[in-house]
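Straight from TrEMBL, the features:
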type	residues	note
REGION	1-36	region 'Disordered'
COMPBIAS	17-32	compositional bias 'Pro residues'
TRANSMEM	42-64	transmembrane segment
TRANSMEM	130-149	transmembrane segment
TRANSMEM	155-173	transmembrane segment
TRANSMEM	203-219	transmembrane segment
TRANSMEM	224-242	transmembrane segment
TRANSMEM	297-315	transmembrane segment
TRANSMEM	322-339	transmembrane segment
TRANSMEM	345-365	transmembrane segment
TRANSMEM	377-397	transmembrane segment
Amino acid sequence: MQEPRLLPGSPHDRSPSGPPRTGPHGPPPPGGGPAGARMWPAAVAAVFVVAQLTLVAPGLGLGWDETVYVSQVGRQGPAAFFSAPRARGVTFLAAPVAALTTSTGALRVWLAVLSGVGLFLALRAWRSLLPARVVALAGALLATLWFTLYYGPQVMPNLWVAYGSLAAVGFFLRAARDPGDSRALVGLGLAVGFVALMRPPDAVWLVLPLAAASLLVRAWRRPLLLCVLAAGALAGGAEWLVEAYVRYGGLAARLRRAGEIQGGLGWHVAVDDHVRALGGRTLCRPCDVPWRHPVTALWFLALPLLVAGGVRAAARTPHRTAVNLVAVTGLVLAVPYLFTVDYAAPRFLLPAYALLALPVAVLLVRLVRPRTAWRPALVGLCALALVGHLVVQYTVLGSVTRRVRSDTATHVRIAAELRARGVRPPCVVTGEEAIRLAYRAGCASRQPTGPDASITPAGLARTAARQPVAVLLSHGRPAPAYARDWPAYPLPDLPLRPDFRVLVSPSAGP
C-alpha cells in the first residue's frame with residue numbers, strides 16, 4: 001500500500017524535507033521540526049506585540065464596552081452599570097494597571113504585551129500535536145486579521161476566549177492521547193475555566209464538541225476527561241453564576257435578561273451581517289448597511305473551502321484526528337454568532353477563527369511542499385494571495401484606527417467642555433454616549449431607560465438638587481421633563497450624533 005504523504009516536520013515524516021525519526025542526535029525535538037522551528041510561534045507572538053504597539057495602541061481611547069469593564073476597577077470615575085450578558089474576567093486582566101493609573105496608554109501597552117504572551121501560550125499547547133511551522137503559520141494567520149490586532153490591546157474578552165479555546169482543544173487532544181499526561185489535564189481545566197471566566201456562554205459551546213468527542217471516540221471514553229471539562233467550566237463561571245442568583249434571582253432570570261439586552265436570542269441568520277462588518281465596522285447593529293467593499297470579505301467566503309482543504313490534506317496523516325477536532329470545534333463556536341444573534345461584530349468570531357486557522361495552515365503548508373514542476377507556481381500563488389490579504393487587512397485597520405482616534409480627540413474636547421460648564425466630580429451624566437463621557441469626566445453614568453437602566457427620572461431630578469447632572473442629547477431630541485428648564489450648551493458633534501448638546505443642572509458650579 002502506498003505510504004501516506006505527511007506534513008513536513010511530522011515526527012513520522014521520512015521525506016528528505018523532514019527530519020529523521022532517529023539518528024546520532026536522538027529523536028526530533030517536540031513540535032516535530034528543527035530546534036529553530038520551535039521558536040517560530042514565539043517570533044509570531046513578538047511581531048504581534050510590536051504591530052499592536054505601533055499600529056493600534058497610540059492615541060486609542062477607551063471604547064464603550066471597554067469603559068464598562070475598566071470602570072469596575074479603575075480610578076477615574078465610578079463603576080458603570082454592569083449588564084447581565086457581561087462577565088468580569090477581562091476586568092481582572094486590566095486590573096493590575098487600571099487600579100494604579102488612569103493612563104489609557106499604559107493599559108494599552110500592558111494588554112498588548114499580555115496578548116502576545118497569550119498567543120504564544122495558546123500555540124504552545126499544540127507543540128506536540130502539529131509541526132511547528134503549521135502552528136506558527138496558524139498563529140500568524142490569526143494575528144494578522146485587522147480585528148485581532150485592533151482588539152489585542154483592548155479590554156475586551158473575545159480574543160482571550162479565542163486563546164483559551166485554542167489551548168483547550170490542544171490540551172484535550174494531548175490528554176486524550178496520553179492518559180498519563182497530567183500536565184495536559186491541568187492545562188485543559190485551566191483553559192476551559194479561563195474561557196468560562198471571560199464569557200460563560202462561550203465555554204458551554206466549547207465544552208459541547210469536546211465532551212461529545214470524549215463520548216463518541218472509544219479510546220477517549222474516560223470519565224476523568226469529562227470531569228475536567230465540567231470542573232473547569234464550573235470553576236471559571238462560578239462568579240457569574242453566583243452573581244446571577246444575587247443580582248437577578250437565578251440563572252434562568254439572568255439568561256433571560258441577557259437575551260433581552262442582546263435583542264432576543266433565536267434563529268437569526270447573521271452570516272451576511274458578519275460579511276458586511278468585515279469592512280471596518282466594530283459593531284454592526286442594526287446591520288442594514290450596504291456591502292461597499294466586497295474585497296474585505298473574500299477570505300471569509302473562502303474560509304469554508306480552505307478549512308475543508310486542510311481537513312482533506314490531513315486525512316492520511318497522523319494529524320488527522322487533531323485537525324478534524326479543531327475544525328469541528330471551531331465551527332461549533334461560530335454557530336451562536338452566525339445563527340442566533342441578529343447583529344454582528346468581527347470580534348464575535350475570533351474564537352472560531354483561532355481554531356480554524358490550524359486546518360488552513362495545514363493546507364497551505366501542504367500546497368507548497370511537493371517538489372514538482374508546479375511548486376514554484378504554487379508558492380508564488382500562495383504568496384501573492386497572502387500579500388493581497390495582508391494589504392486588505394492593514395488598509396481596513398488603518399481606516400478603523402484613524403476613525404477611533406478622531407473620536408477619542410472629540411471625546412477629550414467634550415469632557416473638557418463638561419468640566420468648563422461645572423460638571424465635575426461628584427457628578428452624574430445621562431443620555432447619549434453617557435458611559436464614555438462620564439468616565440472621562442470622572443462622573444457616574446446613569447440611565448433611566450434601556451438595558452443599562454439604573455435610576456428613574458425622579459431619581460435624576462433628586463440627584464440634580466445636590467450635585468451636577470448633565471443630560472446629553474442629539475438629533476434635536478427634546479429635553480426630558482426634569483431638565484426642560486436647564487441651560488443647554490452645544491458640544492462638538494460625534495459620528496451619528498449631529499446637533500450634540502448638553503443640558504446642565506443648576507447645581508453645577510462655574
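Heads up, the Cβ atoms here are built off N, Cα and C, so glycines get one too.
Note that TrEMBL annotation is computational and uncurated.
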Whether the transmembrane segment (130-149) meets the transmembrane segment (297-315): three or more C-beta pairs under 8 angstroms: no
Of 42-64, 155-173, 203-219, 322-339, 345-365, whichever stretch has the most CB pairs under 8 A to the transmembrane segment (297-315): 345-365
Contact call for the transmembrane segment (345-365) against the transmembrane segment (42-64), three or more Cβ pairs under 8 Å: no
For the transmembrane segment (377-397), sequence-distant contacts whose Cβ falls under 8 Å of one of its Cβ atoms, 6 or more beyond its ends: 55-56, 144-146, 149-150, 278-280, 295-296, 298-299, 364, 367-368, 370
